[in-house]
């Protein structure tokens, strides 16, 4: 054990000579080996380290000791031919593995009993070709499979490029001099406006469908008007039936598409968040007002009850 510090000191003091080069690619395994010239002396220990000052391993016969976070999974050691050759294999090369590796032999003479230690070292420069990394990336990116595509037709057809002219004939308003309410009845064929007191009855016929024939597709818009005469004036209601929902390119989250039942069109609207907030605020205000009235009433009644009990005791 006393020789180990001396041997480590010798390793740090010896300068390596120009070394041969070994070139490998990233991901490959590199095997580095060296042969000793003195074949007569006894090998006490062999060592591998990486310049400038990183000790990889120390080996004595079959015992191997790793340093500086090196493990046998990364670097394997072998010493065949009766310690004449020492070999290491660096697995899965990375750019950090490039550098100068030095192998060293520590030997003693077999003919005398002196403590003299002979030292031999040999260096090898390992070059890791980093250009292969980009080549691997290109190969991998070129072998990727494109995602599967579906041949189904879209739910809508964008007819923004289609040019069409719509002409809508607006029916004449119905004038009713009677200042009475009007009942509106819907039939499957048309929309009738009937006055409860007037003798005259008028029927608004639905205009002819409007057809847009562009790019082999048809868009039909049916527009009907309902005119109601009241005491405040004439109110005209417009109802639109779109029988080409397939070509609707805009989705409105606030409204529901018109629902057609028996030829009549009814537009159904969803409540917005603002409406619910207003309803909730009004309800909360009513509840708070009721609680306040209850508390005031309870306080007055309790005060009178206490006053009445006090007077009775007196």
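Each residue, glycine too, has its Cβ placed from N, Cα and C.
Annotated in Swiss-Prot:
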DOMAIN    17-121  domain 'Ig-like V-type'
TOPO_DOM  17-278  topological domain 'Virion surface'
DISULFID  34-103  disulfide bond
CARBOHYD  37  N-linked glycosylation site
CARBOHYD  38  N-linked glycosylation site
CARBOHYD  69  N-linked glycosylation site
CARBOHYD  112  N-linked glycosylation site
CARBOHYD  161  N-linked glycosylation site
REGION    192-217  region 'Disordered'
CARBOHYD  253  N-linked glycosylation site
- Message: Distance check, please: Cα of residue 38 (N-linked glycosylation site) against Cα of residue 103 (disulfide bond), rounded to an integer number of angstrom.
- Response: 14
- Message: Nearest of the recorded positions to residue 69 (N-linked glycosylation site) by CA-CA distance, picking from 34, 37, 103?
- Response: 103
- Query: How far is it from residue 103 (disulfide bond) to residue 37 (N-linked glycosylation site), counting Cα to Cα, in Å?
  - Reply: 13
- By the DSSP assignment reduced to helix, strand and coil, which category contains residue 37 (N-linked glycosylation site)? coil
- Query: Sorted by position, what residues of the same chain at least six away from residue 34 (disulfide bond) have a C-beta under 8 A from it?
  - Reply: 85, 86, 103, 122, 124
- Query: Counting Cβ atoms within 10 Å across all protein chains shown, which of the glycosylation sites 38, 69 comes out on top?
  - Reply: 38
- Task: Look up residue 103 (disulfide bond) in the DSSP assignment and report helix, strand or coil.
- Result: strand
- Message: Quick check on the recorded positions 37, 103: which one has the highest count of other Cβ atoms within 10 Å of its Cβ?
- Response: 103
